Amino acid sequence: MEQKVNISVLVTLFISFILLIVSLSTYWWTFKEKSTNVQLYYKYDWIKNITKDETYYQGWDSTNKYTMQLFEASISFAIIAWVFTAFGMVLVLLCIYHEKVQQSKLLTTLTKYTPMVICFFCFLSTFIFVGIPKSLRRDCIDHGYIDPDGHSSSNSGSNDAICDEEHHYHFFGNNKQHIWHPTTGWICICISTGLTFLSTILSMLFSTFSDKIDYPLKESQYLLL
């Protein structure tokens, strides 16, 4: 039973590892203006702008200060989670197949609690990004509204109606003017959070990474002898 649980921990970590790679390489949020059919896709290193005539990419600059900082924080925690996931998979593999590691209380304890650390960083990345409407509004107030066509209008002051639109308050939505919602990158990090939470439960409550279990490698060693 414990052996199956340990393998389940490894599988969930592996899936999370893949999802984190996808998350780091794709877009996290999208915004569409219905009247012009212009759509923006937000990624940590650029914004993809799709218009009727062309598709182009624009980098982050000082006018996107708070949104850029939010992306940097979320991506940083996602990267940390990815590194710990790789580390956790190695530990689980070693605990399953390496007898000396199974006999080390330090390494088996480290293996047991690593999924919890991964889940924590995934959760931070997921939770921080929910604040993107607020960061977009702060950028709008400080630097003026920049529409999907790239045109800016200087709008200083927190009472500007254009900076108080729905997408500056809600994480996702659909009204007469706009559609906005999280996309693939954020969804992947959400799933990773759920999977690593499952890994944490399995690892802490049901798994045993010590040498008390007869693992496949041990059986094969006996056959060779």
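Positions of Cβ are set from backbone N, Cα and C atoms, glycine also.
These come from TrEMBL:
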type: TRANSMEM; residues: 7-29; note: transmembrane segment
type: TRANSMEM; residues: 75-98; note: transmembrane segment
type: TRANSMEM; residues: 110-132; note: transmembrane segment
type: TRANSMEM; residues: 184-206; note: transmembrane segment
Of the stretches 75-98, 110-132, 184-206, which racks up the most C-beta pairs under 8 Å with the transmembrane segment (7-29)?
184-206
For the transmembrane segment (184-206), distant same-chain residues with Cβ under 8 A (at least six beyond the ends):
1-2, 5, 8-9, 12-13, 15-16, 19-20, 22-29, 43, 74, 78, 81, 85, 88, 111-116, 118-119, 122-123, 125-126, 129
